[in-house]
């Protein structure tokens, strides 16, 4: 059985992944918001603040959030299920994600693991803090029947 990865190395991988996902996400956010502001002012320079906010929420903010979620799901979910067996942050640090049998996870497990990540962080990050103890599994690992180990 491979050695399980502890809290701090996994935290560093998560931090690296956050940077990798944030850069393209914020570039997209900047482009969409810039186009929206220019378009909104050009179409009606006299709109009220309420009209502007409604347009912004429907035409810029919500689509941007949807794009950012899709980027995250694809990055975390598909890379975890790929031959790399983990994200770029995990690869850089020599880690991989495996199922309970020590094999590569399925696409469903990879995507499910991303959404379980969110659940792990909802209540004061307790689902992540669990990694520091016992079997070194976070809530997302337990839910998706995965573990992170050294290559």
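Each Cβ is built from the backbone N, Cα and C atoms, and glycine gets one as well.
As stated in Swiss-Prot, the feature transmembrane segment covers range 12-32 out of the listed 12-32, 33-53.
If you look at the transmembrane segment (114-134), the same-chain residues 6 or more away from its ends with a CB under 8 A from one of its CBs are 6-7, 10-11, 72-73, 76-77, 80, 140-144.
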